[in-house]
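Down below is the structure, laid out as structure tokens.
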């Protein structure tokens, strides 16, 4: 770290001079010379720039404060990375680093040129940035003007000049484009360059459409990002998350394309089917109109006479005339209909024909792939999809609800949340990277500080100074204000004038700091909130007076509290506490509001009183925590919010510039009265509202208008950009930030803060109550004793028991609050008592349970078997019952007790029997199913009604019997201590009461009817019987406390907005309405309620003073309004009423109060985005906590172990496959070679893509030629795919069907052929277009084969597959909730008036229709339209209306029941179940991503076994050791070990079995360890995985390794060592012998004795040199035999034949040395 230390003193900051530049040039030359000389340049230390010294960042504190004269001056670069490059830095105010290129700018201006230095000074000056920022903001203001003044052109020139000046300064100071850090090297400057270029281009050249070019000016707003440093970071994060989204986007587009193709095939042309008036002429003709097979009249005409031609002409004109279509009230599109049995039907005298254009200006349809894709995209984003759902079901039939269920659950929930998961993960990764970087910096700085300390310690003179000054400096550093302020504060803000004043302060302090005062203030806050919430419209004068007085009292209390606290604490210390500042602001605002109470328009100040509610956070930990989370998120979201604001601004201006004029010119296309609609882009504010609405997820409605007035292309582009950039990315990042604020630590941290004042006060009260209770009980006992002078054993025992209870109560209550150490004797006695009690209890429990005849309880206890305990009934009653009624405790060993015990045992055996349980489940399902038949048509089907009545009795009796049996079997104690049994008990009670009332003839009573409704809860009994649902319910129940807490906090948040709404809008949503024309009166005719009432009294019966059903007249209905706004359903009507509102009881005027839109914008941000997303955060966090409690596998594993575990988990489930053998037949062999080539698969994939394209080209009502061409193309594709199928079957034979994808291909081909052959037959003989269309869907199956080739998509689909079991359980629970609510709906809303969204198809009349409605509401879609008719009151409905075929009268709903019904369902399904869905997808996506990012993934193991097949064709699981090198080289990365790999493979130490073979598992384990890095702790895991492999592969040969590769190598090395040693020994002998022979020959026969005279070596030597001694000794001696043995051993050692001794003994080098 020493090298990173900054230089000390004047060395730190050095001016950049010509000599500095020369030094850099010299360094560069040295570097280049080294390169030329091929010397390595030592760049390892500084291979990249220091992150702390990046341009734009402040100088690290470690470098110290630069001298003032060196600011804004060129300095030498401090970053070691740049010290050998031509750069210099400039430090501006705040020590911000700016880096420049040291080359001459524009080839003219050197770094030392005064002009360039001046430009640099301007550029880095903080005022210059501020000036540019101000210019941009001013320019933005001018851009928002829809009708700019005449002088704006001049201002535009000024802006252009300023931007040009800025660019010039940048170019002069930095250079243009050559070299580092020049103007164009920064991508953000490209933006400036483009903006300026476009400005000049539009001025100098006439380019036609100026409005399009003017929109480029809006990009100037992006310049704010370049000016504010933090924004660059957040934009970088956004770009990163978009990159990560690539795979998710591809999958989304692919799935949408598939769904769009399905929609195209199923619903093509359906949405053009309308109800057309039957012409009067036709009724007189003999045409069989309704039986026409083609559905319209033209095909029925015969002959060519003129009359028919005229008729034909008139008929065409008639059916294409929109006036002849049937329209519902208030609808601009005609009523759709269908020809299938479950589709929508037309009213009388209307017929269903396919004519005219599609709904919504013709933009909602499935007639071509493009429109189908748009429809499905809309469905996926859930925007106004209820409209598409209703239109499609009305035209095609209710059966197709299945299509929407699949798309909503797979498309909408999965894909949209997958995008959320990806963004959240990208954010989390970035967070981790930032934290890691911060940690690294911290470590670096610590090292630097240590080094600096050492350096300073060397200077002895500084030591004392440091000791004295350090603490003082530390304190001074934390003083934010100048010293004069502290002097002022000490004099004026600390009141310590005299001792009596200080005494008063102490007294006041004791009062105001007392916990009871805090409790009192909290109660006052709650009461004040209740008082504010009681405000409503209309209010009596007395009630208004009461509220006013209450407000004065509370304001007085809070003012008094503030004043007393200020006196007690002194202002200086009072304002140090955040909560006190908050209090003081609210109190001040309340006092100001009282002063300005009568000033018109300032009633909004009353809303500040609502902020008092937040004071509850002081004593409510959850509220405090959630406010902190929101606070933290808002802090982190500061930059993100700014980016969002910039995006909204840019798109609003773009929209205004591109489409504003068109809205004005073509307004008649979208508005009947040719006035601008509420949603338009003619001015900036309305354009902003549209963009905000798109960010809320509502885009399709306004896009239709845009497309109608401005053309389709531009509108689609702009809207899709807003949707993708704004909605999907920014809002998801927003949610990711919110989720990241949640953690278990966050929630747990609250417990560590200790008790607050409120808890202390409550605990004191509890203790006081407990003491009082004890005292009263004790005195009552004494009183009773004195009154009754009977002291028998029973009363003594009773008294002891009471005393014990009192003592127990006392100990419990005191123990709760004080932890007192217990003495040993005390604790022992307590324990022994407890043991005795348990023993007594156990013995009686055994006695009653076992019904044994054995008298001795101890013997009984010893003999009891655990299995028997579980199979015997429990105690019948609880402990208290036995103590109060001793007669209940009967002897079960004899007499009646024994009989009783046997009966209970028999009951127990029955209820524990699986058949009994199955029977009950079957009865529950039957009884639930029976409820579905009780619809409005039941009266017409008397047989079904009678069957249901008898069935109801049977079910009730069965369930009563079951309940009684369980009472007998389990006993009351066990039965009623189980929550599920309680549920059963209550449901059976309801059925029993209902049945009794029916028998007694009271079934028509209102109370009994309501009770009968509760039978809908019967299906809940299924919960305890189905494991999957029970798991989900248990998880939910675990999360209930957290969810309830958040719900409560949301209600508090919403309460503030609701009260504010009541203050702003109470009584202002009413209007005078003309029933005849269905329009509001104009303000000029009727100004207020008084004038409207006068009109009504003047006998105008069609006039009514109406109020909006959902309004802000009180807090309760205000909550409903907010729920509609938060779910974006029905919010338009509320907003329109708000912006049109004037005064109480005044007639509204169009957009008179337009800025009230901002109330809703603020609520949506805080009330919807934040609070509703908190639910997701809480649920995910709660699941993580539950998982931690359960102790999931991964909690006890390190990251390294987790990697091993994942790899081994995948590895253990694999086994080597036997490859498909190549056929011996030559022809089959050729086909086999063809179909197994990769190019063949690629070719088929290309064909599938082409096939998909041809399917996309299909449109409704296409020409005959096009139809024929597409038909034959389809035939060609079917032929090709059939050929592929046949070829593969020929080549692979029976093995073809062993591969899943092949089976899928085969099924698709068969279906395609059937579709082709049966199409004509079906169309001709069975008029069922549905069946025909479904068969055509088989072609889409081919497209799914593309998934096989895409790895990235496979990961995402793997996440879905992992989620499926859990999602299925949630789906079951959701279905159960829907089922129960459907039955409730049928009971309560079956006869509601048909209006809004309740009509002949979507209603609660039948079970099927109810389910359709509830499926729609599951995503909160259209619930406002279903609630609206239910909230009708007379005269909007008729309570006495007779409903044919039933005794039920009236068509009015029940508003209270309706609101509770829909609110409960939305909270349960939308907020809980759907959010659980999201939580599971996020969880599993993380797991899947971890798995895919693991060093080894599934594909790597597949690749291993695919390669193995080639080396082990018989699937023996072994290969020869000699093949190992080739095998490892053939593998792909990361498992591959490329050649030369011999040494590497030896080091793997692979076990060898007889025959020099190695097992596949051993190789794979070794290669896995090689990739992951070997570790000792993994040995056990490896053993486990081997066992798993053995279990998965019973065919695996059990083997005992005889050696290993490493051991084999060691043996070979040892053998070589022995060989060398022996060779050396033989060489020495040979040399001695050769030497002797040479001397003997040169010097004659000497007298010296030969070194060796016997042995094989000597013999061979003599033969070689022709020694005579050889011939003299013809017989072989004993030594020769020994020599022969020597030879054999030597041959073994050398493994070579003994041809020539010298060659045998010596290698080449030895031979040469010997010669």
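Each residue, glycine too, has its Cβ placed from N, Cα and C.
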Check: residue 679 and residue 1387 same membrane side, Swiss-Prot record: yes
Residue from 209, 1099 to which Swiss-Prot assigns N-linked glycosylation site: 209
Site from 639, 1088 that Swiss-Prot describes as N-linked glycosylation site, others unannotated there: 1088
Correct range for transmembrane segment (source Swiss-Prot, candidates 1192-1209, 1210-1227, 1300-1317): 1300-1317
Candidate nearest residue 715 (disulfide bond) in space, where candidates are the disulfide-bonded residues 337, 668, 674, 1072 and distance is Cα-Cα: 668
Tertiary contacts of the topological domain 'Extracellular' (1258-1268), as residues 6+ beyond its ends and Cβ separation under 8 Å: 264, 268-269, 272, 365, 367-369
Between residue 1092 (disulfide bond) and residue 337 (disulfide bond): CA-CA distance (Å): 41
Residue 352 (disulfide bond): secondary structure state under DSSP, collapsed to three categories: strand
Cβ contacts of residue 1452 (disulfide bond) (under 8 Å, same chain, 6 or more positions away): 1392, 1393, 1432, 1433, 1434, 1437, 1438, 1439
Position of peak Cβ density within 10 Å, selected from the disulfide-bonded residues 337, 352, 706: 706
In sequence order, the disulfide-bonded residues (668, 674, 706, 1072, 1092) whose C-alpha falls within 10 A of residue 275 (disulfide bond): none
C-alpha spacing of residue 668 (disulfide bond) relative to residue 352 (disulfide bond), in angstrom: 29
Spatially closest candidate among 346, 668, 674, 1072, 1092, the listed disulfide-bonded residues, to residue 706 (disulfide bond) (Cα to Cα): 668
Distance from residue 674 (disulfide bond) back to residue 1092 (disulfide bond), taken between C-alpha atoms, in Å: 28
Separation of alpha carbons, residue 1072 (disulfide bond) and residue 674 (disulfide bond) (Å): 23
Secondary structure composition of the topological domain 'Extracellular' (934-946) [DSSP: H/G/I, E/B, coil]: 8 helix, 0 strand, 5 coil
Long-range neighbours of the transmembrane segment (636-654), counting only residues six or more past its ends (CB under 8 A): 140, 143-144, 215, 218-219, 221-222, 224-225, 228, 230-231, 233-235, 238, 681, 684, 687-688, 690-692, 695, 718, 721-722, 725-726, 730, 733-734, 737, 741
Among 674, 1437, the most crowded of the disulfide-bonded residues [Cβ within 10 Å]: 1437
